[in-house]
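Annotation source Swiss-Prot lists ATP binding site at Gly27, Pro28, Ser29, Gly30, Gly31, Gly32, Lys33, Asp34.
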Amino acid sequence: MFSASIERAQNEAPFPIRQGVFVAVAGPSGGGKDSVMAYARERLGNLAGEIVFARRIITRPFAPGGEEHDTRDVPTFEREEAAGAFALSWRANGLCYALPAALDEEMRSGGVVVANVSRAIIPALGERYAHIFPVIVTAPRGVLAERLSRRGRETRDEVLSRLARSEAGELDVPGALVIDNSGPLEQAGERFLEALRKAAAWSDVCDMV
């Protein structure tokens, strides 16, 4: 009776949401997270209806060929943040980032949500969602430096700062699946696609508990 009461109280609490699986994709700038995610997204097959790729809100203008995201200026971002419009928000590299609060309903429906996030917010994700599957997409320093220089979005000092963060062990996440994306995209993409299949299977089990 006592354990049943605890379980009922847990299920009635708003957070952490105990349905669904959140696939938290992190890694150093230049690691190719967006490319790996796009590769898998195009090949979901019959899992397409179960997996949602979150669209981030960022205080950065949209650039052709870059990540598709919703843009806000800083004052608007901060107003929406204060109003509870975001499931989670964070600051990094001089920008503000957020995930929309609508993802809570996707999780409660028992689906799989995939999002590009900062490693630093993964503990906070665990407070909001009970089932987190962290994935780190990375590459050696030389590959990161080449990619960052090629995309031309950061200054030299910003590139060096991002490389220093990856070397400082900032991307170490206990229990994470680490994907090396220094070779052909297909190799990393297939590993990530397999991770999504496992996340979908895990979500099915979560829904039965």
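Glycine residues also receive a Cβ, built from the backbone N, Cα and C atoms like all the rest.
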Report, as a single number, how many Cβ atoms besides its own are within 10 Å of the Cβ of Ser29 (ATP binding site).
21
Cβ density check for Gly30 (ATP binding site), other Cβ within 10 Å (all protein chains) comes to 24
Name the residues of the same chain, 6+ apart in sequence, whose Cβ is under 8 Å from the Cβ of Asp34 (ATP binding site)?
Glu67, Asn116
Students should find that the Cβ of Gly32 (ATP binding site) has, within 10 Å, a number of other Cβ atoms equal to 24
Return the residues near Lys33 (ATP binding site), defined as same-chain residues 6+ apart in sequence whose C-beta is under 8 angstroms from its C-beta, sorted by sequence, else 'none'.
Val25, Ala26, Gly27, Asn116, Val137
Which chain-mates of Gly31 (ATP binding site) that are at least 6 residues away have a CB under 8 A from its CB, listed by sequence?
Val137, Thr138, Ala139, Leu144, Asn181
